[in-house]
Amino acid sequence: MSVHGRDPKKRQLRLISVAFKEASIDSPSFRASVNFFQTRVDALEDWIEKTVDFFDQKYKVSFEDFRRAKETLLSQLLPPPALLSNGFVSNQSFTPRLIDSFNKDYYDFSMKLLQIVKGDDSSHSTALLELMTTAIEPYRNVRKNFDFYQGKYDSMLASYQAIRISKTSLEPSSIKSDALQLFEVQKNYLKASLDLISAISAVKLSLDKFILESMKVLKSRSIFITKDSGRKIDLSPCINEYLDNYAIWVENSIEGSKVLDSDISNAKKQAYRYTLKRITPSSDTSDYNIRSIHSSKLLSKDTQVPPKSPEKSGWLYMKTQVGKPTREIWVRRWCFLKNAVFGMFLLSPSKTYVEETDKFGVFLTNVRYDPEEDRKFCFEVKIFGNKVTEAHDNMSKDITLVFQTSNYLDLKSWLIAFEATKKYVMSIQHDSLEYELAFKRFSPKFFEFASSTTTSIDQLITTFDKETESLYETLNCSISEYDILTLGEEKVFQFQMPTTPISTKMTQLAILSNFLTKGSWFPNAVLANIWGTTDWSEYTILPGKGKKPSSLLTIDGKRLPIRNSTIYPQYYSNELKVLDLQFKSLVFSPDQRLEKLPEELLLFKFEALWCPNKKQKFSATCFCTKDYIYCYMNSMEFICLTKISLSEIVSVEADRSSKKTLKLYDASGLQMKAIVLFSDYKLIASKLQYLLENKAIKNPNSNEEILVKFEQMEKESQEKKQEELYKIEQENSFDRKATSVSKIIKSRVTFWEMSDDASTLLNRLKKLQTEYSITYNHEYEISSKGLAHILFGDKSNAFPKCLFLARKDGEEHGKRFWYKNKDINGKSQLVRKIPFRLDMTGNFLNTGKYHRDKESKMIFATQRIVKIVDNKYYEVDLDPFFVKVPFCHLLKLSIKFVITESYDVDNHLEIKLNMTASSSSLHVLYKLEYIDSRTGKTIEKLSLAEIICQTWALKFAHSEFLLIRRVLRYYLEKIGKHGKVIKAIKLCGILGVLSNKSEEPATEKNGNSKESESMQYDIRYSCTILFLVFIKLMVYRVTNLTFVFFRILIGILLLCAEKFSRINRMMVVGLLASIMINILLSEKASVPYWSIKRAEKLFHDRLGSDKFTMQRAIYISDSDLLSSQLSVPSNNPIFEKFSEDNFNKDYQYSETRKQLAMRRNELLIELRILQDMEKQLVHDDYEKFLLEEVNKCSMVSIEMTDLWFNDTQLQNYCSICNEELEKLRPPIT
């Protein structure tokens, strides 16, 4: 499917290769189709040979004789000029010369006509030679290879199966060896079969190309060019249109086939690999030991009931007898077990189509392993007689069938399939179709497809009952030349029969046979000649659900009729009947789960090239019904079935940039593209657009009305083909478009239509506005009809979402239909009830679940359509709500919705009756009244509380109107800009009327009960809720004032920032740079300052206080601790000896030494302080000097490595600098 812009998987094409699948399993359908195609090739070559012989031996000779006779005739048409040249005519001067010129010119004209008739045999021969060399000859080579391996495989298989197990020399190893040899031949046969399918596809497309080129050659000779003016005259203009279509189809098909080359190759490889896995012989030698096979090993007693009916199919050899006297032979039959039915297919005597035998329910059979048979891997199927089946009188005896499989595993699988099927049938319901099928026997539906083989067993298992018919007699048809089916006096090809997945001699008859049948629950020969033997049920498409019926039992419970003629209505033409049979055969019949074919009638079909993307193009046949477009695609043996629901399409447009191209758009804007061929693409677009419009209205037209409309369209299309002026065509297309739009707008989706003019409606609206308290209105870019469907359609969720007091999270939203009701005056109205849960505070109090249980009671909003003028005016009332508020009378709240077309004074609505306006106005009117709960009278004088309450109610009404606008904006954004009315109808539903009165809401009966009693309120506000509302409003006001203050403050700051941003930026940058530099310099100068400051502070702390006296005596030995420069070294032995000898003498000078020591302490402290001060003065400079030296050393060590390593003195100097620098830096603690 063509997909542009969204979700490629949603429209992804699902291609299947029916031909490759049938070739991989070597089915009878495959063999019949390739044999029938060979007969077509032989017929084509015979036609070519006969045509060439006729052209060379008869046509050329006859043409030359005719040309000479023609020249003789032309020379004698007029008297010779010489005869008239001697006074024989009056105009002696010009008549003889005029005759001579006329004879020459007329001769040239005649020769041109003869050349057109003769044709260009050289160009035609070139196209024919290309066909033979590029398609026919390669096909012949592939076919020769196929015939060789098919014959070899069939003969080896027959020999392999014919081995007698009674031979004493038969060993499992020899059987295994034969099986492996057969497998090697089967692999070559499989490859040849797949290659043959590809070759057949190439021949088909090449033949189309040859026919196109031949037509072009013949058409080119029909162009006559005048001698005098050189003007070209087309002698056959009617050929141009369909020849151009054919050329487009051939060119695109060839281009598409090249794109599919890789897919074809992958499909062949996949089929080859899968089949090899399936047919590979077992490597276990015990599987070939015939004498070890026992029934107990083949069937397990613990076989479980399968979840669905088992399926099994394949070739088996069947034992039968022929001739008189009878002799035993073994023949191949394609056997199948499906849906609890066992049956057989076989090739016809001509081997060009598939035939069938009777089908038997599994409970009419008894299956067992047959060890008595002198062949390997045999089993017996015993079919019971009419003890169970009373419908077949010629079945009086039981029939015993003996089948032979090719290997042990295949034998086991067949026996298990029968056993599992019986268990499955017994586990299902006994009134189901599958259960009934298991006990029935079915004869072939038609004589033409029944087995015509004369063997004894085939005749026993092929019977006919009163339901078996002859298609030739019933349909009045026959097979004519080239095996073409003739229906009455018309050839079937005149009904545009499409290419089926499988083509056999009886394919066209099989398609027509669907006229006499309605589906099948099991395989049959009709389906095998169209779709092959494979079950493609999972790939089919149906219009609705419920593919599997529960029961098909008839009244007597014994008969299951499987034939039922299709009954077409009287208005359905014969051509449409044949097209409908094609449609159902290609689209629905492959589904073997169907009780009967869907009863959808085909309305028209068209051929197209379906374009899923920019590269791929598939040849497609599109079948259109009232509700769907079904597409059957067949390109290079790839089949695809898909459908498009018309309910998903909103518009069909002809692509102006590409001729013959249609674009289909769905509601989301998804685009599908198709190139329409062999039909007027504008006519197809008109038909599809009409079906879309018909689908959108409330009461769609019937098939008969649609076909009548299509006939009118076709007649108009034929008339328009005669028109050549572009201006007239444009006007007609505009009129057609206007008419189409008018029909959409005038479709009656309500049950009545009124016709008031615009001024009356406008005056009515003005009068209503004076009667209501307040009116809110808003303009929308959509027609009034579309807006009405958005708000009041039965699928719209606008209500109760638009109601101010409705819970927005309620689960009551759903379809709410309108139903007829009568008002007080007896007039009909449309009424509906919308349930919703009440939420009295949720829209203005964030109180969470406060009083949620009490506030969430279920109430109903009743809407009544008061007046409708379709497409112009819609008036809907909402029944009043009664609200009870403390200290106030009962408040009655009435709401009216009015939708009108936008009124323009310059363009009155009555002059645009056939066109809908592009915009409309929504008016919401509110009326608030206080009434006496007892009398129901309106209160005129309001109290202060009632005035305040009314003010609040009007404020909340405005909030509700804003909510309505928000909901409408959501729907309009979802609808988009195009096709608004149709999208609104599809999205939001229609103003539908219930046909069943029992579906009316039960609350309608109770709706008027409160009118008869005293006035009751719907909504009650308690004092607590009002208090919360008051507190909430106060908080809201305070919060607003706070936010206003902060807003002003932020505004001032922003203003200052704006003013500051206008200052010179360079000045700001300079100031910032100056500040940074000053910070760095002050940091550098502050370090020594604060060091001295700390020293001074320490000094004053130590000595500056008068209240603190510190005395310390420092002796010679103590002074060594402070300074080694002011005393004798401590390790001086002479001084030590002196100290020991004079120790006693020192005591008498102790006082004097003490004073000296104290003085010494003072002097040392002062000296140390001075030393530190002096050191601090030079510390920074010295550190800076050391840093520079260290940097220089580092630079020399990096940039002058030779100098650095050779100069040890420099290295020592640098190391000393590093050490000194480390000493100056304080240690890290």
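Every residue gets a Cβ built from N, Cα and C, even glycine.
Given the structure is predicted, the values throughout are model-derived calculations rather than measurements.
Of the listed segments 878-898, 1067-1087, Swiss-Prot assigns transmembrane segment to 1067-1087.
Feature annotation from Swiss-Prot across Asn394, Asn996, Asn1206 places N-linked glycosylation site at Asn1206. Long-range contacts of the transmembrane segment (1067-1087) within its own chain (CB-CB distance under 8 A, at least 6 residues past either end) are made by residues 1180. Cβ neighbour count for Asn1206 (N-linked glycosylation site) (all protein chains, 10 Å cutoff from its Cβ): 10. When secondary structure is read from DSSP and collapsed to three states, Asn1206 (N-linked glycosylation site) falls in the helix class. Across the range of the domain 'PH' (309-423), the DSSP-based residue counts are 19 helix, 54 strand, 42 coil.
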